[in-house]
Amino acid sequence: MTGNKGAGYECPKEVCCLSQISFYIALVIIIMSTHTLLVLYGSQTGTAQDMAERIGRQAQRRRTEVRVQSLDSYNVANLISETLVVFVCATTGQGDPPDNMKNFWRFVFRKSLPTGSLCRLDYAVLGLGDSSYPKFNFVAKKLHKRLMQLGANALLPVESLVFLPPRYMFHFLDATTDKPVQKSHPPDDQGPPSAARPFPAQMVSNQRVTDLSHFQDVRLIDFDITGSNIQYNAGDVVMMRPCNSPEDVEQFCQLLRLDPDSYFILNPADGAVVPARLPQPCSVRYLVEQYLDIAAVPRRSFFEVLATLATNELEREKLAEFSTAQGQDDLHSYCNRPRRTALEVLADFPHTTAELSVNYLLDLFPEIQPRSFSIASSLLAHPNRLQILVAVVRYKTRLQKPRRGLCSSWLASLDPTQSDVSVSLWVKKGSLKFPQDLDTPAIMVGPGTGVAPFRAAIQERIAQGKRANVLFFGCRSETKDFYCQSEWEEKVQAGHMTLFTAFSRDQEDKIYVQHRVKEQAKLLWDLIANKNAVFYIAGNSKQMPTGVCDALKEVFQQEGGVTEIQAQEMLEAMEKAGRFQSETWS
């Protein structure tokens, strides 16, 4: 989860793991059913949750009693008595379940569960994922198979346009008579920080590590975590929730004619629960700045809700078109391809936006989801500190205004030299595991910000007396974006690591890390075949991981004298044994 990678990426091109035609079969079943419908979701970035809530709204429209819950908030022991459940699941990492369904996942795959224990259950599984990943929709497919093994009867998910009353009503406080009193929460000693209780870490420095003339702004950011009770190891991940920019907050409030300094209390309807992250009372500024994801590309459900609220005929027709299956190409061209934000969509539909009731804000906008960054430092080298390497996302589309990554742009805007800056964060275990044995070599291939977890690993391993550290680092130019150059050179001179670099644009022919891997065939074969080395890849998932894997298989063939098929089998065996690990993102 290096650089700017999300904890688990749910692609905007979601697809069902089962037949699209069957959507309509399920729709008929749900409409005709007198059952209570339970919708359970496993979501990492919010896409699956959005889809689950959308299905819930559709069922409500058809007068079906419906509950929507995350899988880990549901008492899985009750599943045996359920009659109709729709599961909406994302896949994260290398075929892993999302964080909010891991307990459910462990329970449902217990070998002790009787074969026919779910014979009363009719169910459907909707899987969301990116078909370019090797383990595409692995979680949904595996869950579908397991439920069938337990005797459940498979149906398929549904999809339709909805019109429902808002889930919450906003009660605004009178500025002259109602004074907003924030509830104080006594400090607790419940262990390390978490998503529910993040730690406000002081930002110590926010240093640009690319040359000012370089197009890419990359930051090495240092946090002080003294007193946090945070412990982490190399390969672990830090989580944080970004804020919307002051400019976006101001524009949003102007479009909806809201006073950012006014306070309100949320009154939930029909069993809804007030979001835990929203204080009661809450200011409009806090809601828009820290909770509503107004800078994201909106999902189809956003247009569905807007279409039901629009009174302007032209705007209503266009919004309704975007909500239909036939209008998805136009919606993709308008919204997804140019990465148009929800805020920009509101500006494009001024009549609908001007009439938009504040009560629908939590139906329209999802919650800002936490972002994950591989930790780029070791506590053994930097006690009470936590560092990350962040590439600031900025790119052009056909829209005039450049597109910006919400979290990276927010982090880049924070300047601890001008004022005290704190960022609320917490730490999660990562997927990369480094050798405990003193003599086991670690071979690390980390171009760009993919080097972040390997910086942490090298610092940690050197502090532990482990010297067999081999790093392949790649970037565009030695003088423009060679992150941590002086640190690497010092460690090489001290005999603590071996470094191979690939500067792709410093010569006529582009040179990448996979070329350096092939060049070091003898060394790599010796380390892997004779010294039991572990091989790691981290970075962008476009072409680099495949290129490095192909190069490594060529090393096996060249130095080991094996066939292409045998080389592939060797790589698979290494992966199964934990001796080949990768952490990539798109």
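Cβ from N, Cα, C; glycine included.
Note that TrEMBL annotation is computational and uncurated.
Since this is a predicted model, take the numbers as computed values, not measurements.
TrEMBL lists 37-204 with the feature domain 'Flavodoxin-like'.
Positions annotated as FMN binding site by TrEMBL: 43-48, 90-93, 128-137.
Here TrEMBL flags 179-199 as region 'Disordered'.
Feature annotation from TrEMBL assigns compositional bias 'Basic and acidic residues' to 179-188.
Residues belonging to the domain 'FAD-binding FR-type' (196-435) score a mean pLDDT of 95 in the model. Taken from TrEMBL, the feature domain 'FAD-binding FR-type' covers 196-435.
As annotated by TrEMBL, FAD binding site applies to R339, R371, S372, F373, S374, G405, L406, C407, S408, W585. R339 (FAD binding site) has a Cβ environment of 17 other Cβ atoms inside 10 Å.
Under the heading NADP(+) binding site, TrEMBL lists T449, S504, R505, K510, I511, Y512, V513, Q514. Sequence-distant contacts of Y512 (NADP(+) binding site), defined as residues of its own chain at least six apart whose C-beta falls under 8 angstroms from its C-beta, comprise P447, G474, A502, S504, M544, G547.
Summarising the environment of Q514 (NADP(+) binding site), the number of other Cβ atoms within 10 Å of its Cβ, over all protein chains shown, is 24. Recorded residues V513 (NADP(+) binding site) and G93 (FMN binding site) have their alpha carbons 23 Å apart, per Cα-Cα distance. Between the CA atoms of Q514 (NADP(+) binding site) and S374 (FAD binding site) there is a gap of 22 Å.
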